[in-house]
Protein chains: 2
Amino acid sequence: MENIKKPLILVTNDDGITAPGIRMLIEIARELGEVVVVAPDSPQSAMGHAITINNTLHVKEFKEHSHDHKEYTTSGTPVDCVKMASHEILDRKPDLCLSGINHGSNSAINVIYSGTMSAAVEAGIEGIPAIGFSLCDYDHDADFDAARPFIKTIIENVIHNGMARGVVFNVNIPKAKREEIKGIKICRQANAYWVEEFDKRTNPYGKDYYWLTGKFVNDDKGEDTDEWALAHNYISIVPTQYDLTAHHYISELNTWDFGN
Amino acid sequence: MENIKKPLILVTNDDGITAPGIRMLIEIARELGEVVVVAPDSPQSAMGHAITINNTLHVKEFKEHSHDHKEYTTSGTPVDCVKMASHEILDRKPDLCLSGINHGSNSAINVIYSGTMSAAVEAGIEGIPAIGFSLCDYDHDADFDAARPFIKTIIENVIHNGMARGVVFNVNIPKAKREEIKGIKICRQANAYWVEEFDKRTNPYGKDYYWLTGKFVNDDKGEDTDEWALAHNYISIVPTQYDLTAHHYISELNTWDFGN
């Protein structure tokens, strides 16, 4: 007699509902709870914490995959998806929100550009324990299966332990075969950054335009960073908060002269 | 003989280059340094830290205002504007980045949805001291002049004192007459949030659509918060960081069982 209610798990992402990464995450989530998927109808990478306020939002049931759980697409951003799920689509608050698996890294400073992580943060703000997963491999046919048991372990831990208010998990997975993955490490966000390069071109009508490109630079060699963990084939978990206050700096600023 | 070089000040925003808020900020900045403006060609509110990677970017010189400084528009987000300014438009790194004055509050959790603050954060990541300014008044004809001497004082302080690496300022200005403004307060981000409400409608062809609306809820009554300061007619400064690591939570997570 199994009477324990399964957790209600909201799954979303930023690559769109048909991306291989979310399909894998749905499979794993279905082993652990009752799953509802609400994801963008098209790719929304690099949307940061964008929300749709100057345009209308549409929701559609998505039936392409044969399944016995519900899937929906929205015309909005990942953050819109979480808001729509919590406030329109679901009849109760989810017990857990999983976002991803993103096609590409969201380690270090990438967390702030990431639609995947914004969905997780939005869930966190709404009091839902949340995890964003990203695989450090941009290939559409990347191997999302390699980390499967580790992903399951992380989700099980969160279901079992809960999560502190004000925190969500940023999980990054190295590009590695299963037998090469060394385990899971709790990390801090590496102090790494992008050096932008704009690829300037001229269109057939003589008008200049640019593509944003760049080089990722990591001068932070700390062995407690997500970058170190990933480079050494560990899965990194950075507990990520959305109180952005630099509390340590407040007392110094109180010595400044604002003429008060 | 005045030989001290004026600081190079980059001014941007998320409401677009023609918004009254940025025009006021440009006026103040011109009293304090050499100004270059790089701002979106159209409103980009609520864009969070979005960047443009799936589309091309365009830059145009903007000559509508008669002035002896340079202004440019880009087709991108506020973050794109800062990246374009630093890496394509300017021939040296700006000494300061000012973003705003936003039409509407970016206090409390609003900081993470804010294009205004994302531009400031982007500048911070690139090592440029940065301040985002927002006025708690959504009216297009809001009184941006009331806080003018306070804004100038804040900028002068940053030029004089510099700013710690990893931190930018989130400045919010109450909707008040000049004589009502009580001064400037260093604050922490209030733990307030939005309760979403979706306004569901049906279009003339029978298809449902939604507008995102919501109610701002503040249960955090701390007198050290930005919400308290603004409610009491103070200008709030929250030092804001982009290392999102919840450092305080790492030791607890290291007690979890990940099977390592």
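Each residue, glycine too, has its Cβ placed from N, Cα and C.
The domain 'Survival protein SurE-like phosphatase/nucleotidase' feature in TrEMBL is assigned to A:9-195. The average pLDDT computed over the domain 'Survival protein SurE-like phosphatase/nucleotidase' (A:9-195) stands at 92.
A coil conformation is recorded for A:D15 (divalent metal cation binding site) in the three-state DSSP classification, outside any helix or strand. As annotated by TrEMBL, divalent metal cation binding site applies to A:D14, A:D15, A:S45, A:N102.
Just so you know, the Cβ of A:D14 (divalent metal cation binding site) picks up 33 other Cβ atoms within 10 Å once every protein chain is counted. Packing around A:D15 (divalent metal cation binding site) is summarised by its Cβ count: 24 other Cβ atoms lie within 10 angstroms of its Cβ, all protein chains included.
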